[in-house]
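Copied over from TrEMBL, here are the features:
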TRANSMEM  79-103  transmembrane segment
TRANSMEM  115-133  transmembrane segment
TRANSMEM  145-165  transmembrane segment
TRANSMEM  172-192  transmembrane segment
TRANSMEM  204-223  transmembrane segment
DOMAIN    247-465  domain 'Major facilitator superfamily (MFS) profile'
TRANSMEM  248-269  transmembrane segment
TRANSMEM  281-300  transmembrane segment
TRANSMEM  312-331  transmembrane segment
TRANSMEM  337-359  transmembrane segment
TRANSMEM  371-393  transmembrane segment
TRANSMEM  413-434  transmembrane segment
Amino acid sequence: MSGSEIELSIRSQSESFVGAQASVEENEVAPSNAVSLPPVDTGFQAWAYLANADIRVIPGHTLSRTEFSLIIIAHKCTMAGVLAIVGSVSSGLLYLSSIVILLLVNRYPWYKRQVMVFGLAIAVAGLVGAAYSTEPWQLVLTQGVMYSLGGSLLYFPMTTWMFEWFSAKKGLAAGIIFSGTGVGGVIMPFVVERLLNAYGHKTTLLAMAVASVAFTLPCFPYLKPRLPVAQIVGPRSFDTRFTRSGPFWILFVPNSLQGLASLIPPLYIPTFASDLDLSSTSGTLVLSVLYGASAPGYIFMGWLSDRFDLRYSILLSSIGSALAVLLLWGLSEGLPLLVVFACVYGFLASSWPALWTRFSTITSEDPHQASSVWSIFCAGKGIGSVLSAPIASSLPRTWYFTGRSDFAYSVKGYGPLIIFTGLSLLFTSSASLYRSSPIPRRLADFFNTHLLTMLSPQNPAWRAT
């Protein structure tokens, strides 16, 4: 046999082997690809989910901002007490319930859609009930509990699908969803104020109930999972081993403190504007600017966390917002600098939640429980929001610089409040140490042993009951 014939024989055998190998590979791959899944991070369905999630957030979150005006109109005589109670219950329940809701819907994912519909019904019932409330406790029950709980049941199951549709762009996706709160914060306060002046609190609340349904129902066809529920392994138990790591606690503690401090400026800006002898419209304007600046802030911070080291985002948000409080708010004498403060603070401080998706991927390596870990950081903000009202109310007091200048530090008792807020936000920059300064293992074990063991369903105390 000649050399050329031998070469042709070898080439023919090689091609036959490659063809057979490719055939085997195709047979092996075919079953797993029997159902074609939409692409991740791109495609119409991914962006349609994101757009409709953003639209759904606009009216629901904004009403929690404007409900204080409704309470003032409905119960002027008990305004202060009811305002504090409803505000604390509403914001605290909204965030704290996330951990329970997400653990349940992730364990039983086939019930997510039903939970969302049930949540919408509770939220609407809360608004209708608030419209006909005549006593302060009824407002606490309807607006403080029912509306917030219903919003949580509607909102948090929806966010779990974000982790299916987006991977490399999770931060950007979270930022876009959160930005709906900023968009609504610019538009809705003026709309609600006009409705209140024209029709009163009852008609306004009923109109908001109708708007919630009108905004939500058209979004449902696009708010869906990427993975068929039949392909999701479940029910799954929640692995808490990540709580033994230092990075989790280094991120969790500053995150909770940020939730406490970041809510103080929006809470006191209207009162502060009034103490500067500015009109009530000026206070509403500053709040609208603050919420409006948060919309691009969410998107930018989420994009930044996807593209660069997470520590850059943490330091920019924490140090930037702290300087805004200490310098811009502290040295403000009138509306111009107060508006500048609202722009900077809204962009940097309010956008912090866009980092939670990266927090969850850093602290837990299991992608199946990313949304459950995300809920823990959300609950951390809830802890801070519950504590913010009582702590902040004890801070304004007369001190050495009161009345000595026209700066905010000297206006009545705002000096200690501004200093506490600025230093607290500055401390949140310690979250950037999650790589280099781990918390000692003993401290992490202490929290895990005493806290999580107590809450675990395997706890004998739970079985006894």
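Glycine is treated like the rest: Cβ placed from N, Cα and C.
Of the ranges 115-133, 248-269, 281-300, 312-331, 371-393, the one with the most Cβ pairs under 8 Å to the transmembrane segment (337-359) is 281-300. Looking at 204-223, 248-269, 281-300, 312-331, 413-434, the range that has the most CB pairs within less than 8 A of the transmembrane segment (145-165) turns out to be 204-223. Using a cut-off of 8 Å between Cβ atoms, the transmembrane segment (248-269) and the transmembrane segment (371-393) share at least three residue pairs, counting only pairs 6 or more apart in sequence.
Count of Cβ pairs under 8 Å against the transmembrane segment (413-434): among 115-133, 204-223, 281-300, 312-331, 371-393, the largest is for 312-331. Sequence-distant contacts of the transmembrane segment (115-133) (same chain, at least 6 residues past either end, Cβ-Cβ under 8 Å): 60, 63, 70, 74, 101, 105, 139, 141-143, 145-155, 157-158, 201-203, 205-206, 208-209, 212-213, 216, 220, 223. When averaged over the domain 'Major facilitator superfamily (MFS) profile' (247-465), pLDDT in the model lands at 82.
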